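Features reported for this protein in TrEMBL:
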- 1-23: region 'Disordered' (REGION)
- 60-93: repeat 'WD' (REPEAT)
- 103-144: repeat 'WD' (REPEAT)
- 152-186: repeat 'WD' (REPEAT)
- 235-278: repeat 'WD' (REPEAT)
């Protein structure tokens, strides 16, 4: 369950499948509320759906090209989407079908979105090597920073902190200080492109995932954000690019776990502390 609760024990139930929500491939999915998710697709649309019924409760139309990333504000009342049309849009849950704010300014496809804990600011990253910071109310660009060869692949905000984690095709993971939009720390470069990142709810750890093929690469890596900022552990087992990595909500009787998905057509759940697969 998205809220961390466990409905039943024993053997896993069969996968629940629903009818298509999009008319083309789904490119991004994010949890919105315990019973809702938001998705974006190649059909240029953004949809809010129920986990339980699979029904699309709301659909947002406005992008001119494929939606690449979706995320929500911490209060779950706003949805943000990035697109190959080089723009980001903000949508109001239970509002009109049109965007409530536009964030144009990147020169290439937008590939990263991160909303501040108070939902007042938005950070975006792109294949144009830039990071931008925006005022979510006015749409004003509050800052722009460029680093050569920094093709952004993913962004996530550290809970309760002014820091944003960013992965890149240059094989590095960077910590940005959002206040001045400057790099506060860069982790040692990996051997492969870094495809995704996530931060634990306590803000202590960061996850990143790597590209790979034929059993080389494809690992997820756990990093310490608080003290040494060293690599803590790696999770190896995928045979191709690991496309996504997330910290799973921790239930009362569950050990801290993470999940990874890969081009090898598998999703794996790992014990965060030992690296063992569940």
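Heads up, the Cβ atoms here are built off N, Cα and C, so glycines get one too.
Because TrEMBL annotations are produced automatically, they should be read as predictions rather than curated entries.
For the repeat 'WD' (235-278), the model's average pLDDT works out to 90.
Counting residues of the repeat 'WD' (152-186) by DSSP class, helix then strand then coil, yields 0 helix, 22 strand, 13 coil. Using a Cβ-Cβ cut-off under 8 Å and counting only residues 6 or more beyond its ends in the same chain, the repeat 'WD' (60-93) has close neighbours at 27-33, 36, 38-42, 44-48, 99-104, 106-115, 117-119, 122, 124, 126, 134, 136, 154.
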